[in-house]
Amino acid sequence: MWNFVTECGTGGPGYSRPIVASLSGLMLGYEMGLTSGVLLQLRGLLSLSCREQELLVSSHLFGALLVCLAGGTFLDRYGRRCSLLLSAVLVVGGTVVLIAVASFVALTLGRVIVGMGTSLSGTAACLYIAEISPRERRGLLVTLYELMLVVGVMLGFGCSYAFATVPHGWVYTFGLVIPPALLQIGALIFLPPSPRFLVAQGKVERAKKVLARMRCASKEHVEVELRDIQVGLKEESEHSFLELFSAKANLRSRLLIGVVLVFLQQATGQPNILSYASPLLRSVGFNSDAAATLASTGFGVVKVVGTIPAVLLVDRLGPKSFLCVGAVAMGLSLAALGTLTLQSHTHLTSLCNSQSPLNNTHMPWDLNETFTDFENSGTLSTHLENQWNTEQVQGLKTENDAVWESVGGRTLVEVSSSLKWASLISLLVYVAAFSISLGPMVYVVLSEIFPMGVRGRAVSVVSAVNWATNLLISMTFLTITENIGVPNVMFVYSTMSFVLLVFVILFVPDTKGRTLEEISKD
């Protein structure tokens, strides 16, 4: 049997258990990161319509929502470890389905199954890590899941770019999630259930042995922690599912805090920025699929870099401080992005098309030959109609004449290039702000505010709201940008970020340096 705990006398509790559980975050992040790059390949290969692209992106989220609606009972009855095993099996099976046949139906079905696996594993991993961690390291170890998630996002973006020009590259990109899933299955066989779950199942002696191995502490310390677990479970095990919505033990308020927090996590736009990163970057001037995918890989790198200080400092500063700082930075960066896209004079709305508005053989802002080719071919208005608003099409000749003259003087080239890179920088700041706040800290808060007796069911309800909101936003993002434009969408996300700031200040409790039992009593 593998030794997952540092022996007493040679150091503190080991990190192997949380790392194995956090592989779930790696897989979920990878699936999130690969979406935008693979979407550029598949929409050309399968001639996907705008609606089909939304459905393909949303299928993963639909599978996640299905599991959330029924996963709470499974988590509480069979435990976090068994749930992690099942989720890894679902990820492997779903991936095999979606790469077996290059069809829209197979891809959608496979993504649904993978979504079920990654959703169940995410919930189970956070609960498992919180329940095996000592209170002085709980925040750090729970945010380790988010660190693995953002590493997965970076790998997803990176692999999408690496295989962007390879024939059937999307197959390799999807298939690379299988090795970590198999690794997790093999490792979980040797991991015990959490002590809290064992006590809940009446296996007190086994829970005592597991706790002693994990803590490397004195017998008295283990006995005290075990008694705290027993007392907490005795007080909380009488909660029924319906009591989540009652005033008993303040459960309704706890649930509302969790629900609003995850709703705002999605409503500030992060899922769409990731899922549609490459099409979005093409719309602001990155002219080819490869260039847009490479630029979006920077999102993954920034997420990793931004998450590291959150992991290292969460136990010292507490999750509430990070949430406040992140909300302000997100709101400001999104407002800047909305202003930049509004001032670009293109008012791009369509993110659905495989081709950018300019000829791919030219640099994004080298317009002389491009407009000449379009005018000679007589296709200028039809080619641009899907990319610009109708009011822009009406004034296209005048505006293009101005562009023609400006290009000759080399003035518009500078302005356009500046807008393109400023838009990218605003997006990167937004991603970094999310990565130090809403990304990891929501999981920390959710793992701490619910009583043990209903924690699995409560987190499943909150996760269902999380995935449902994500599903709704992702299924309508392309359609909404068609109707109101990218700038207005960014302004909406900015407003929601400031709403998040107010909510956190008024309602989210400070859980820094407190045991789960102390938080529950409070």
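Keep in mind that glycine also has a Cβ here, set from the backbone N, Cα and C atoms.
Per TrEMBL, the features are as follows:
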DOMAIN    17-512  domain 'Major facilitator superfamily (MFS) profile'
TRANSMEM  55-75  transmembrane segment
TRANSMEM  82-106  transmembrane segment
TRANSMEM  112-130  transmembrane segment
TRANSMEM  142-164  transmembrane segment
TRANSMEM  170-191  transmembrane segment
TRANSMEM  255-274  transmembrane segment
TRANSMEM  294-314  transmembrane segment
TRANSMEM  321-340  transmembrane segment
TRANSMEM  421-446  transmembrane segment
TRANSMEM  458-478  transmembrane segment
TRANSMEM  490-508  transmembrane segment
Legend entry - Interface check, the transmembrane segment (112-130) with the transmembrane segment (55-75), three or more C-beta pairs under 8 A: yes
Legend entry - Chain residues in Cβ proximity to the transmembrane segment (321-340) (below 8 Å; excluding those fewer than six residues from its ends, i.e. six or more beyond): 268-269, 310, 313-314, 419, 422-423, 426-427, 429-430, 432-434, 436-438, 440-441, 486-491, 493-495, 497-498, 500-501, 504-505, 508
Legend entry - Contact between the transmembrane segment (82-106) and the transmembrane segment (142-164) (at least 3 Cβ pairs under 8 Å, separation 6+): no
Inset, instruction - State the residues, same chain only, that lie 6 or more residues beyond the ends of the transmembrane segment (170-191) and have a CB under 8 A from a CB inside it; answer 'none' if no residue qualifies. - result: 1-2, 4, 17, 20, 23-24, 26-27, 30-31, 34, 37-38, 41-42, 45, 81, 84-85, 88-89, 91-92, 95-96, 98-99, 110, 114, 117, 155-156, 159-160, 163
